[in-house]
Structures are given as structure tokens and as C-alpha cells.
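Per Swiss-Prot, the features are:
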type: DOMAIN; residues: 8-94; note: domain 'Acylphosphatase-like'
type: ACT_SITE; residues: ARG23; note: active site
type: ACT_SITE; residues: ASN41; note: active site
Amino acid sequence: MPGPTVVRFTARVVGRVQGVGFRDYVRTRGRRLGLVGTATNMPDGAVVVIAEGGAPACQNLARLLVTGHTPGWTDRVEVVWQRAQGDLADFRRK
């Protein structure tokens, strides 16, 4: 039986998400879900999350970003779904 479909998403998270432990939260949750990716602070105060792995796990992480049960708060989350690229090896905070 084949495993879950592997997907990738990029999420731009806007709100109070820098300096509050948000990237560490995303990295920890992503690793627990078996995902690889990055959580990167942007100059405008947003955080960009790139995650890749099984579709159900990616959907779970994307849902966590939107619900607001994260350090700080989110005003807006823009998620773009893509094909997996296979270029990530771990979940890192940048």
C-alpha cells in the first residue's frame, strides 16, 4: 500500500510572530509531524514557513498556523500549496 501523497506548502504568516518563539514552535510541531522545512523571519515582520511531507501532516501544520494557537498572534496566514521538491533535509529555523 503506498504512503501518503507528499506535498509542499509555503505560508506567509503576518502578525506578532517575531521575537515570541513562533519559529521554534513551528519547527517543533513540524518535526513532530515528520515534516521537513524552514521557518524564516522576514524584514517586514512576517514569518515564511515552507513545509514538505505527507499531505495529512502538512495540512495539520497549516491548520495550526491558521488557528492562532501559536506564540504571539497571527493576523493573516496566506498558504500556497505546491508539488514537493525534495530539496529539504530537516526542519530549520532561519
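Just so you know, glycine gets a Cβ as well, placed from its N, Cα and C.
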Pairwise CA distance, ARG23 (active site) versus ASN41 (active site), rounded so that it is a whole Å: 8
DSSP helix/strand/coil residue counts for the domain 'Acylphosphatase-like' (8-94): 24 helix, 37 strand, 26 coil
Model confidence over the domain 'Acylphosphatase-like' (8-94), averaged pLDDT: 95
Same-chain residues at least 6 apart in sequence whose Cβ lies under 8 Å from ASN41 (active site): GLN18, ARG23, VAL47, LYS94
